[in-house]
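Each remark here refers to the structure printed beneath this line.
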Amino acid sequence: MEDKEILSMHAKNQGVLNIAPQFEVKNRKELGEAYTPGVAIISKLIERYPELKDKYTLSGKLVALVTDGSAVLGLGNIGPAGGLPVVEGKALLYKDLANVNALPLTVEQVPVDEFVATLKNMQESFAGFHLEDIKAPRCFEIEEKLSKVVTIPVYHDDQEGTAIVVLAGLINAARVVKKNLKDLKVIINGVGASGVATARLLFAAGIKNITFVDIDGPVHVDSQNYNHYQTDLVKQSADQTPYKNLSEAVKDRDVFIGLSDADVLTSEQVKTMAKNPIIFALANPKPEIDPQVAKDADAAVMATGSSQYPNQVNNILVFPGLYKGLLSADLNKVDFGLEKAIASALANMISNPTAEKIVPGVFDDGVVNTVAKAVQHYASQKNND
């Protein structure tokens with residue numbers, strides 16, 4: 001699609017979203033019911049019983065889609081205004097794919113505590129927070145602190161969304177190569193927001209042997225040039241070998257998960273991996289290794305973040321259904337148990353996984369409802385425990 005076409009499409013209606021009324025106001029009676037004096041009845045009731053707010057107002061079905069524009073995929077730090085089209089586009093996907101109402105919001109790149117306080121002070125207006133395109137390690141602090149001070153779900157798509165789809169794909173990739181998921185030796189190249197969250201979920205899923213590499217080389221327990229979120233992961237791993245470079249670290253690994261930059265993995269490195277290696281080269285717009293190059297180097301399963309190739313690992317598989325489920329479930333936390341339940345549900349959509357099909361397609365029938373039902377089932381089980 002040409003740049004002019006895209007600009008024209010977004011300019012035609014001043015963006016891709018609009019607010020539509022639930023009722024039409026055509027006369028004085030309807031005005032009095034929809035607004036004053038009728039709303040006084042609702043306001044007094046909610047004042048007395050705050051829990052009724054979600055029944056009588058939009059707040060019970062509205063998600064806040066929040067960015068500071070500090071880490072927009074493929075664009076970097078473009079600021080809150082630059083990030084607005086991204087969250088507006090995701091709000092469109094929420095509505096179009098799952099009939100979920102999401103409001104795009106931008107917040108200045110203020111200190112973490114101020115950012116958290118800003119959202120906390122707005123929580124009465126929403127049923128959940130979806131954080132988007134916030135750089136690491138700031139995003140970890142924001143999500144951790146915000147989750148502790150609000151009573152509604154907090155979800156960071158770059159973290160949990162990526163992690164869930166990676167785990168779903170890995171479950172089926174392990175089936176294809178006939179290896180036990182928990183026995184896989186994994187290397188994660190790119191230990192930012194997505195890499196940290198993916199590692200945390202893989203650990204929670206029982207995978208113990210994970211090696212980490214980032215821009216300054218392999219991450220060690222005592223690395224001075226990495227933050228504690230990154231070094232803490234190494235402490236959890238069964239492999240704490242102080243590798244010198246990616247070539248050393250990738251040797252004999254069953255799985256390479258790239259959440260980094262284009263062309264950082266070579267065919268020679270793939271050939272040193274364990275038999276039937278699994279390659280998730282998820283950098284966008286160009287993967288860490290060309291899929292054909294990886295296959296020529298005997299990669300058994302190949303996935304990317306691009307729609308140009310089979311096995312697209314894309315967060316769109318998660319977030320619409322996640323909040324569709326959360327809005328109808330009594331659940332206010334997105335925890336590892338929920339993430340694993342969603343990953344398992346997505347993986348099980350593929351009854352006979354193959355090297356070319358380990359995750360559902362973005363537009364496959366049933367994806368949103370499968371995720372939503374997994375959320376509802378998990379909430380029901382948890383609330384009955």
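Placed from the backbone N, Cα and C atoms, the Cβ positions cover glycine too.
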Per TrEMBL, Glu132, Asp133 bind divalent metal cation; matching candidate in Asp113, Asp158: Asp158
Lowest local Cβ density among Asn284, Asn314, which the record lists as binding-site residues, within 10 Å: Asn284
Between Asp158 (divalent metal cation binding site) and Asn284 ((S)-malate binding site): CA-CA distance (Å): 13
Cβ atoms near Glu132 (divalent metal cation binding site) (within 10 Å, other residues, all chains): 28
Spatial separation of Asn314 ((S)-malate binding site) from Asp158 (divalent metal cation binding site) - C-alpha basis, Å: 10
Asp133 (divalent metal cation binding site) to Asn314 ((S)-malate binding site) - Cα separation in whole Å: 15
Beyond the site residues Glu132, Asp133, Asp158: chain residues whose C-beta lies within 8 Å of the centroid, for divalent metal cation: Thr67, Ala71, Val72, Leu73, Val86, Leu131, Ile134, Cys139, His156, Asp157, Ala193
Among Asp133, Asp158, the most crowded of the binding-site residues [Cβ within 10 Å]: Asp133
